[in-house]
Amino acid sequence: MAMIDEPLYPIAVLIDELKNEDIQLRLNSIRRLSTIARALGEERTRREMIPFLSENNDDDDEVLLAMAEELGVFVPYVGGVEHANVLLPPLEGLCSVEETCVRDKAVESLCRIGSQMREADLLEFFIPLVKRLAAGEWFTARVSSCGLFHIAYPSASEILRNELRTIYSQLCRDDMPMVRRAAATNLGKFAATVEPAYLKTDIMSMFEDLTRDDQDSVRLLAVEDCAALGKHLEPQDCAAQILPVIINFSQDKSWRVRYMVANQLYDLCEAVGPEATRTDLVPAYVRLLRDNEAEVRIAAAGKVTKFCRILSPELAVEHILPCVKELSSDSSQHVRSALASVIMGMAPVLGKDATIEQLLPIFLSLLKDEFPDVRLNIISKLDQVNQVIGIDLLSQSLLPAIVELAEDRHWRVRLAIIEYIPLLASQLGVGFFDDKLGALWMQWLKDKVYSIRDAAATNVKRLAEEFGPEWAMQHIIPQVLDMINDPHYLYRMTILHAVSLLAPVMGSEITCSKLLPVVVDAAKDRVPNMKFNVAKVLQSLIPIADQSVVEKTIRPCLVELSEDPDVDVRFFANQALEATEQVMMSS
């Protein structure tokens, strides 16, 4: 009896689990579909499992989403591409459910299966499915159908292609805004498969319907279509049909549409070409930079450098720079922040003279902005300006502001300055650095914020790498080692961290003669946190120090720490002792 029942077992378990009240059990069952399919074999999967899944009307969206995802990779389990059509019915049902993410996943799976199907099967099964969905009574089916046309169209006959274009045109004029939105979203993909002759007529007619839609949510999606369609049209057709639409959209009554134009502007410029950009899109962009909605100005300000790259420096100075000056003192801090994140990139575009004359005053005003993110965005891009105007002028004009920001009340601003210092040091040279910035790194090692102290320790190491061990021995090591006696243990721990970072840069001789004695003395500290950090530092020094130093100095210190009353100190000391033994054994 068991022998007879065995083949039925997998499908029976699947049916039981999918009817269980526990959603997690149902989910696990769906995610095991491929395992069950392998147990059933290809024929029984087609004959029993797929029909059951088509009839399964689970009302939980999570289960349906998992099923839509699984079916997308199910072609090998039903016998390959010649039987791929059996997967269409359950996915067709999922294309009509109310939950958007389930429908989207079902459409994605249908596209994946459709791209593998044979041409004859597409004609027999896939195209009728698209037509059924497009004619669906409930809007959800019609929404889903819009994402399938680009798969169905290339395999269709001339008559069917005409029919599919007509259906898509009807979807672009559907009563439901959600359907029109889906048609607008997928128009670019559909246009890519349509013949050039029909692109200029049928597709552009659909596009015009969408651009005149009374719903701003549809029109803003049509903005994306401008860029997508522009790639498929000839330059003259693009200038005649796409450019007027972009200009109208830049003056649209809905700020969301204007925001989308500002956000997509660079792609739109690429679609219409550099000539049309210079003559027609500059006034539109200037309007967006001066828009009365802050969100639109934020999007436009974020594209200012990219837009200027398309223009000649003269045009940028004449038309865009006046707007940039206005935005640098904009009432919205987010607009100023968006501008600060890209404005440094304008320096290479405008050249040295225009940068010195026009941009430097704007940089200085943004460096002194009350909003920390604005200051932060300027600091992080200073190297772009240095490449254009040179370090001398940069140090004269911006360095005083940088020094001021080194003591900024917002720790993230101080952190950005710290991370920039090694780059600045390499550009300024050792003499200039010692004179202007040498005192800064010491005060950061005693900052109240841990992240600043940690970054300052890393900074010390990077400066030693930049200027060499001799410079570090003269300017860094004495000052760092003096701080090991600081009354606050957190600052003493920072020095230990700095020592562990400096040791590999300074080499064995300086490490053993100058750094190691300080670490060994710190092992007598009264704070347990200091002592177990000493153990960790000593472990990091083992590969650097000579074997005789390890045996005579490091090992005895660790043995003493391994007998400490504190459990953490003993743990790290024993860990370091194991490392010393391994080194001694290997040598």
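Positions of Cβ are set from backbone N, Cα and C atoms, glycine also.
Among the features that TrEMBL reports, repeat 'HEAT' is placed at 10-48 (among others).
Positions annotated as repeat 'HEAT' by TrEMBL: 164-202 (among others). Along the repeat 'HEAT' (164-202), the predicted structure has mean pLDDT 88.
The repeat 'HEAT' annotation in TrEMBL covers 203-241 (among others).
The feature repeat 'HEAT' is assigned by TrEMBL to 242-280 (among others).
Feature annotation from TrEMBL assigns repeat 'HEAT' to 281-319 (among others). Using a Cβ-Cβ cut-off under 8 Å and counting only residues 6 or more beyond its ends in the same chain, the repeat 'HEAT' (281-319) has close neighbours at 243, 246-247, 250-251, 255, 258-259, 261-263, 265-266, 268-269, 272, 274, 326-327, 330-332, 334-335, 338-339, 341-343, 345-346, 349-351, 354, 358.
Taken from TrEMBL, the feature repeat 'HEAT' covers 320-358 (among others).
Per TrEMBL, the feature repeat 'HEAT' maps to 359-397 (among others).
Sequence annotations record features per position, and here TrEMBL assigns repeat 'HEAT' to 398-436 (among others).
The feature repeat 'HEAT' is assigned by TrEMBL to 476-514 (among others).
The feature repeat 'HEAT' is assigned by TrEMBL to 515-553 (among others).
What TrEMBL lists as repeat 'HEAT' is 554-587 (among others).
When DSSP labels each residue, the repeat 'HEAT' (476-514) comes out as 34 helix, 0 strand, 5 coil, counted as helix, strand and coil in that order. Within the repeat 'HEAT' (203-241), the DSSP-based counts of helix, strand and coil residues read 31 helix, 0 strand, 8 coil.
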